[in-house]
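Engineer: Below are the structure tokens for one structure; questions will follow.
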Amino acid sequence: MGELSGCTGGSRAGGPGPRLPLLLLLLLWPARASDAAPPPHVVFVLADDLGWNDLGFHGSVIRTPHLDALAAGGVVLDNYYVQPLCTPSRSQLLTGRYQIHMGLQHYLIMTCQPNCVPLDEKLLPQLLKDAGYATHMVGKWHLGMYRKECLPTRRGFDTYFGYLLGSEDYYTHEACAPIECLNGTRCALDLRDGEEPAKEYTDIYSTNIFTKRATTLIANHPPEKPLFLYLAFQSVHDPLQVPEEYMEPYDFIQDKHRRIYAGMVSLLDEAVGNVTKALKSRGLWNNTVLIFSTDNGGQTRSGGNNWPLRGRKGTLWEGGIRGAGFVASPLLKQKGVKSRELMHITDWLPTLVNLAGGSTHGTKPLDGFDVWETISEGSPSPRVELLLNIDPDFFDGLPCPGKNTTPEKNDSFPLEHSAFNTSIHAGIRYKNWKLLTGYPGCGYWFPPPSQSNISEVPSVDSPTKTLWLFDINRDPEERHDVSREHPHIVQNLLSRLQYYHEHSVPSYFPPLDPRCDPKGTGVWSPWM
């Protein structure tokens, strides 16, 4: 038989010659969408007021076996930052943007304030919904509710079950807040299923209610559709309440607040274990990314602890903003490791949207970075800097023990620091450096009540001091201010603070509106 027309090299019909290019073509042909790996399910568990020293994998005496096991098989985030209070952390989680860019840099959203995360911000659930996800939220909102347009079901969540305000009773599900015209406080129900009051859960502990709703959502979820579940537990925010049996293992803790708190953490740990079990039972776990994070540091006045870190909830010290967290997933390329790469709560939005195959188109400029390769593969973090906050109107709602007020603000500042007014409450991280200005909040160290007779170790800083520089890698406990040894670092970071300050929007902190009064309905609800 003669050679095939157009062939070279002596290849004959039926021989290997023509098949090799065909094989290469098939190998190089783009995979069909149906052949690609399906987008992962995402479960984001946010604990409330959980301290650095309140988890077993950080060396706490509190027993957290389920969280410890997930952390041990995943990636522990050891250089991860959140905000000092709940609204700031939650808003930055869902927008991927610093609070100075939304007018939320001052304190938090109060119950009767006509305020919420700006409605022109596109939130994480909206972006994931655009990517084909089912989006569900269970638990604490605290991002404003004065208008129905501010509610979770109007901001991208298919379903919502939880409470809208900052804290409430774990059993009655009532929240109390001041009503200015009454010169007193009003208490009312704050629990909703969708947008309707949920009145049938009295005397049922909130962590159990939220866990039941989360596991039901998982059990009923079609595995072929990607799931986003945002589970924002009430635990372990005050009031200090927990079923008695969860306190019994902690009889050795003499401090009553710490003992109740420990029981609350144990119940939270059990809840996360039940959620994980539900994911496995439904066959979702092998394609799930589970993220666990606190929203801010522990509140030492309510049993929490951040030892050996300095400070507590409400402060820019490490005890207020160093986030306890981890990522657990069979999809991780590295497991059982601790990441020292710099990360921030704003990073979750771009990370999860990109992981979902979605797009951040339509958002305002993001401050977060996609850190999935950092978490999953151990790559260097794309983040080298993060803004902690800038709040010219800061007041200390949680003063140091024995102190009743915020130290008086000194508006004069040395000329050598003229790049930024150092009397302003602000903070910034750059690589290993951390700069604080103004009054960062109570700078005491608080040893664990169960391990020491000393309730706090006061700072020796002058009350008029308004500038600190720390090498956090060498000094995570913030005991050695090195600002005098590194004036050029100070100047550079002050210049960065000034840049952020100039590009911030004015803080929006409207006065309380007495029309919020729930007297007529007995339920906290939108009023405008």
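Backbone N, Cα and C define each Cβ position, glycine as well.
Pulled from Swiss-Prot, these are the listed features:
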ACT_SITE  Cys86  active site, nucleophile
BINDING   Asp48, Asp49, Cys86, Asp295, Asn296  Ca(2+) binding site
BINDING   Lys140, His237, Lys313  substrate binding site
DISULFID  Cys112-Cys516  disulfide bond
DISULFID  Cys116-Cys150  disulfide bond
DISULFID  Cys176-Cys187  disulfide bond
DISULFID  Cys400-Cys442  disulfide bond
MOD_RES   Cys86  3-oxoalanine (Cys)
Engineer: Starting from the Ca(2+) site formed by Asp48, Asp49, Cys86, Asp295, Asn296, give every other residue of that chain whose CB sits within 8 Å of the mean position of their CB atoms, in sequence order.
Structural biologist: Leu46, Ala47, Leu50, Leu85, Ser89, His237, Thr294, Lys313
Engineer: Just checking a number: largest C-alpha distance across Lys140, His237, Lys313 for the substrate site, rounded to a whole Å.
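Structural biologist: Roughly 17 Å, rounded to the nearest whole number.
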Engineer: Which of the recorded positions Cys150, His237, Cys400, Cys516 has its Cα nearest to the Cα of Cys187 (disulfide bond)?
Structural biologist: Cys516
Engineer: For Cys86, Cys112, Cys150, Cys187, Cys400, listed as recorded positions, tell me which one has the smallest number of other Cβ atoms within 10 Å.
Structural biologist: Cys187
Engineer: Of Cys86, Asp295, Asn296, Lys313, which is closest to Cys400 (disulfide bond) if I measure between C-alpha atoms? They're all recorded positions.
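Structural biologist: The smallest Cα gap between Cys400 (disulfide bond) and any of the recorded positions is with Lys313.
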Engineer: So what sits near Cys116 (disulfide bond) in its own chain, CB-to-CB under 8 Å and at least six residues off in sequence?
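Structural biologist: Long-range Cβ contacts: Ile109, Leu143, Gly144, Met145, Tyr146, Arg147, Cys150.
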Engineer: Might you list, by sequence position, any residue in that chain lying six or more from Cys176 (disulfide bond) with a Cβ less than 8 Å away from its Cβ?
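Structural biologist: When sequence neighbours closer than 6 are ignored, Cys176 (disulfide bond) has Thr185, Arg186, Cys187 within Cβ distance under 8 Å.
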Engineer: May I ask for the distance between Cys516 (disulfide bond) and Lys140 (substrate binding site), taken between their Cα atoms and rounded to an integer number of Å?
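Structural biologist: So the alpha carbons of Cys516 (disulfide bond) and Lys140 (substrate binding site) sit roughly 19 Å from each other.
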Engineer: Please report the number of other Cβ atoms within 10 Å of the Cβ of Lys140 (substrate binding site).
Structural biologist: 27
Engineer: When the Cα of Asp48 (Ca(2+) binding site) is compared with the Cα of each of the recorded positions Cys86, Lys313, Cys442, which one is closest?
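Structural biologist: For Asp48 (Ca(2+) binding site), the spatially nearest of the recorded positions is Cys86.
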Engineer: I'd like to know which of the binding-site residues His237, Lys313 has the most other Cβ atoms within 10 Å of its Cβ.
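Structural biologist: Neighbour-count leader: Lys313.
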